[in-house]
Every structure is written in structure tokens, then in C-alpha cells.
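According to TrEMBL:
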- 164, 227, 258, 289, 434: UTP binding site (BINDING)
- 259: substrate binding site (BINDING)
């Protein structure tokens, strides 16, 4: 009995064979989709005969049932796909099924804590020791580079509609505007042709295509491709909640499966092979909302220029930066099973979470700025050895339905490559805008704008950015956030700002040192124009105290 997709990922033996095998059903993951090639056994379910002896056995039996039922659900979904899109969708569903199969099989933390080794001395390179290339070599190096931006996210968490990349962040310029300016400046300065590639999701593709038309006159070639679109899974049945492939009609039933999907989707789009054939060697990949993630000539020089060391190419680079107490939940680099790999907090056994958060034990965290060799990506994909840890993202939809999203992280692929290294970069290369508190910093006089790149003011005495916490109730949405500032305060000498409650700021306010402003419920605080607050606490009744 053949069950499932055309060129099926899973083949089940006939029922007669299962009975002959003592009530076991065999299934095999075929190389055509997953490359697993393993034969496993699943207890066949017969009506109500199964009586789980405990909770774990019950869950295991539920998972085994779900794997067999998934095939039928995916077949039914594929029947609703337009013929012109069927081949591409089948590839995506093979990827989803392989991920789903691993989700059912894997149990417990993916890392045994006691087997984590100390990072070798040469595992993380110090950025400050890297050499600048000769000016005459820069153009040739840039011709071997592709810049990729992860552009699948929406701006809903900040109260904006459409792709996050079109939120204005500085001088009415958006994340996308700044990125295009950066690449164009490189191309003009060195007479190069560095392409910009945007990985969109089904959430951002249509709007992004409309926006990028305005860049036609710029000296930068822009390519786009879509990451996969996977069905959300019911947490109760462990089966897809989607009924058909009319994604726009039931958008809550689908999701983009995290940025770890980049590698396979990049290959499926044809762009990976295209750039290899053009002689491109590396891609630099980063989140589009990280305004510090610009093309770095010194890192590129280490990969393909004067500073390259040894005969073997570096296949994978993860930019890391020094961890502070604000970054304790960020992924870190570890040495495990003789390879460098990314360790996320979700992989850490509960009893070791405090160890993971220790700034002394794990000194670096991942910026998600990744450099990867294109031919190595193709080799790993073709060998079907791309094996990233699964992130199980639990969500509750507006209708109350509990669902699961299976995702992967792009940095988790590091262990699949040879010759990977970390580079300890300055904090300036990690400037993400996730909340309006980040937006306050990048809009302020802490930074000046130069060819699309933000440069910290030389007047700032410390290279670290201030720690800013703005109350969710009044500042979390961009529109309301902007309405609370007559203009952005002077933050050059600010160390720490906490604002809670109904607070507004007049024009020309200066904040220095540690400033805490808390409006009690029902009260409102208006910081007057021209006010200078240095190491002050402003309470609900406008008392100003030394901090």
C-alpha cells in the first residue's frame, strides 16, 4: 500500500505484511525526499485495543498515529494546488514532512550538557586582529559576494501593517531603503556589482515586490525568493489545520518555518546555482532589521583576500559579540562533538539554564550575521546532511485553537559545515530594531547616517548603547510611540532609561546617566521642553529626586 505524496516521502508496508510481522507496520524514509533511509517500526493501532500504561506511552502512540494520518492530509491538500504550482509545493511538503518526522522521533534536549567542550583558542577570531585588504583587491572580492537579507517578518508587533522592512526608521527611510543605499554605495565606490537578495515569506512577498520597483534606477540588482510555506499543526491532533492551499483565504493555517529554511529555499529558487555559475563564492546573510549588519571588507578579506589563512576554505562564519546581562537569552557558540555549533536556550536542559545565562561561562552571543560558502551550501544540501535542531513554537490563534509551528534557525546549520569559525565583532555590528525602545536609539543623536549605515556619534564617551525600557501599554506601537515625543531627546550621555505609564516629552529634552520616569495609573507626566534630566527619578506626582 503506497500512502502519501507522489514520489512519496514515506512508504508503508501492506496490512497483510504488518499482520505477518506481529502487528508491526514498517515505514521507510526515502532518499528522494528526506534522505533518512531508516526503517522504523510503528505499533499498528486497532480500534480501542491500545491501553496506554502512562502519559508518555500515550503521547508516543499519538505521535505514531499522527505520522500515518499526516500522509493522507498532505495528499488531500495537494489535490487543491494549481497544476502550475504543484511541483514547487511538493518540494516544500517533502521538506515539511521530513521536519515533522524528526519532530516525532526526537525527544529531550539535543545537547548532553556534560559533553560540551571548552571553545578551542582559535575557534573565535578577534575582529581587531583582522587586516584591511589592499584597495586594488576590494572590487575583485566584492564580485564574489552575494548579500542576503531575511525579509519574511511583519511589523505587527510594533503596530504596523505589511513587511517590517518598510517601517521608517531614520529620516523617513525604511530598513529596505537603508539596505539598498548601503549596497549601492559599495557598488559605486568600487565599481562592483554586489547583488541584493531578499528572502520573503508569503506574508511579505506581494508588498515587497511593489516596493522594490522604486529602486530600478539604483546601481544594485535585487533578487527575491520566497521561503517555504508550511501548515500549522493542531496541538491536540498533531495534524495540519489547513483544509486547502488557498493560503490567502485561511492565512492563520500557514506559517513561514523560520530562517533556517533559507538554505533549501535558496536552492529551490535556482539562485544558489545561478550565483555559483557566475563565480560568486560567499553569501553574507543577516536580518533586515539589524541596522549594524553591513558588508564588512575585513571579514571578506579573511575569507577570500590577503588575510585568508591555510589551504582549506572557511565554509561558515558566525559573527558573535560580547554578551552582556541584556543578552543572556541569546544563542551562543559551543564546541560539541568536535564541531562548532550554535546553542539556543531552548536546547538547554532546565537544570542548566542558569549556567547558560552566565556571562562568565558563555562570553559570546550570536548576532545572526552569517557568512557561508555557496558551494559548501550546495554540497551539504545535495548530500542531505543539513540537520538543524527543531524549534517547537507553540501559539494560540485568535479563535482559541492551540497550534504548533516547527521551525529552524539559520545559525544551527553551522555544525553541518567544515572549517567553521566564529568572529568576535564589535557591538556596532549588532543593532537590531525589535521594539520601539530600539527605534528610539536609532532615531536619536547617538547615530548619524552615512550612505545608509548608522555610525555612532564620536561625542558618545562609551561604545555601548544605553539600556532603554519603554512601557508596553503606552509605547509599544510605533504610531503612539512617535506621538509621545515632540522630537527625540538628546541621548548622547544616557546610560539607562526606564519609562512607564502615560508620559510625554517636550522638544529639546536631554536625558543623561540613569533616568527613571514612572507615571502612576491615572496620572500623566509631561516632561517640559528643554528639560535636562540627569540621574533622576520622576514619579507620578512630578517629584524629581536624585538617583
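The count begins at 1 with the first shown residue.
Just so it is clear, glycine is given a Cβ too, placed from its N, Cα and C backbone atoms.
What TrEMBL annotates, mapped onto the structure for a quick look.
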residue : record                 : CB count, 10 Å
164     : UTP binding site       : 24
227     : UTP binding site       : 27
258     : UTP binding site       : 23
259     : substrate binding site : 25
289     : UTP binding site       : 21
434     : UTP binding site       : 14
(request) Please find, for 164, 227, 258, 289, 434 as listed binding UTP, the greatest distance between any two Cα atoms, in Å. (result) 21
(message) To the nearest Å, how far is the Cα of residue 164 (UTP binding site) from the Cα of the residue listed as 'substrate binding site'?
(response) 15
(request) Would you list, in sequence order, the binding-site residues among 227, 289, 434 whose CA lies within 10 Å of the CA of residue 259 (substrate binding site)? (result) 227
